[in-house]
């Protein structure tokens, strides 16, 4: 990590709490003047860490820097799990199809230790948890191998054992997915919507075991 990146880390962490807000509101929440925040944003935009526009938006370069800091901190403090919070959203129904496939089902039983309910619970993460989500991309996780059934090839899946509002399950991260980065898919031996009495918009807590 370069010296200039070290100097910007605190500023990026602060901006991560106000991402998506206009400058005036962000300045108020950060307890700084608008002029001071405009000056900081200009510097970060010149460095490529913040995008141009009326709303505060951290670029991929900025997210990568925050993820690297998070990785170092978790390693230093020997943290064995991370917590994500988000809201339940409806999916496209694809999870039920894929989880029902024999190749995936058997591998999940072997690798994760449970027979999955044929379906996934989709969670849209709150913005402040996205660095943790991106951190998972750099971890090996538990590999659910891809397979072919003679007609089609299905890609591999990376998984992490997890607890969803206390219920054991796993976060799955397919090699091929239509979901944006802020959406995670969860599998469990039970239908989580019924077991936890969840509906769209409900807040859930996911503890991911590293």
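Numbers here mean position along the shown chain, with the first residue as 1.
Including glycine, each Cβ sits where the backbone N, Cα and C put it.
Taken straight from Swiss-Prot:
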{"type": "BINDING", "residues": "91, 92, 93, 94, 95, 96, 190, 191, 192, 193", "note": "CDP binding site"}
{"type": "BINDING", "residues": "120, 122", "note": "Mg(2+) binding site"}
{"type": "BINDING", "residues": "177, 185", "note": "FMN binding site"}
{"type": "REGION", "residues": "1-81", "note": "region 'H-T-H motif-like'"}
{"type": "REGION", "residues": "82-210", "note": "region 'Riboflavin kinase'"}
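In this structure, the CA atom of residue 93 (CDP binding site) is 13 Å away from the CA atom of residue 177 (FMN binding site).
Neighbour density around each Cβ, counted as other Cβ atoms within 10 Å, peaks among the binding-site residues 93, 95 at 95. Annotated pair residue 120 (Mg(2+) binding site) and residue 190 (CDP binding site), C-alpha to C-alpha distance, rounded: 10 Å. Residue 190 (CDP binding site) sits 14 Å from residue 122 (Mg(2+) binding site), taking the C-alpha atoms as the reference points. For the region 'H-T-H motif-like' (1-81), the number of residues in each DSSP class (helix H, G, I; strand E, B; coil) is 53 helix, 5 strand, 23 coil. In this structure, residue 192 (CDP binding site) is part of a helix by DSSP. For residue 185 (FMN binding site), the binding-site residues whose C-alpha atoms fall inside a 10 Å radius of its own C-alpha are 91, 95, 122, out of 91, 95, 122, 192. Residue pairs drawn from 91, 92, 93, 94, 95, 96, 190, 191, 192, 193, the listed CDP binders, are separated by up to 19 Å at the Cα level. Summary: among the binding-site residues (120, 122, 177), the fewest other C-beta atoms within 10 A of the C-beta are counted at 177. In terms of C-alpha distance, the listed binding-site residues 91, 95, 177, 192 place 91 closest to residue 122 (Mg(2+) binding site).
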